């Protein structure tokens, strides 16, 4: 089927270039463009696109406000474009919490160069985002248990954007691509009907991709500060984003959250974010677990890679690891979970109904590796009941 895309961006160059690239994809139809958030909301109502690409810093109405309004009046999967800066990361997490599905780095250099690589990336991402379960505004924000807040980190204030003249441009109609035949849905093998018994795990590993920032925030903000095991979080994310993500989770939760550093010993009550652009391994030092950070292997698609982290931990602590796979596209984590199971450890995965993208957890479940399949809201209580 042809996917209808609405492009919202105040940069005339970026808007035109993005439209050119998207229009060259046979099963994508750019149905309109907008130069600010207010126009984006109006055109979303009028055109009812399948996917909206959204900048965050725009005149009249910024991207985050536009996402909230779109989720209220015309819920539609939104793909954010964000700068690779601390401020870009901060507002991207706000946009994801408001209801956006995923994000891509906004690179004028990449957009002005060879389009073949960015074309493949955009095509894959837009197809995945179009399948996402969007969330209504208000219901999208993770509901956390009321807890004493940590001191808030100072929030950078950005300069007001320069005004830009509104420009909208409906795309010229093109021939529709022939409808694709529906693919058979993989069968999810039933997980064990009983709950896995409470165990004294040495480490809890959580792997996720698309939809993960909101899912992780929802889980971590419901865990007590005295959680009895360390958590290692592997989220597919650029290197410039993981420090800001760790700071956000640390500010919002009672756990201590930080980006993992090479050589540090994992401690209960702490959550460690695998740094972007590198691989995070867990090694054993006596009875303790220690972090080992390596430069990302160029042969691996994901940096950080869930399979790498899970696999490194499997033989170090046989039968003493809990692996959790949350929402995300692709199958990263399946082989790592297989290694955990082969060494006697336990695996939980997220269910289809509450996954933004049911890719990674489906890969684990269909391979028969999940001991429990849980809804997103069930993970925090199960972690509290099952770990310790």
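For all residues, glycine too, the Cβ spot is worked out from N, Cα and C.
What you are looking at is a predicted structure, and each value in this text was computed from that prediction instead of being measured.
Checking Swiss-Prot for region 'Disordered' across the ranges 77-136, 137-196, 197-256 points to 137-196. Within 10 Å of residue 209 (active site), counting C-alpha to C-alpha distances, fall the following of the recorded positions 55, 236, 332: 236, 332.
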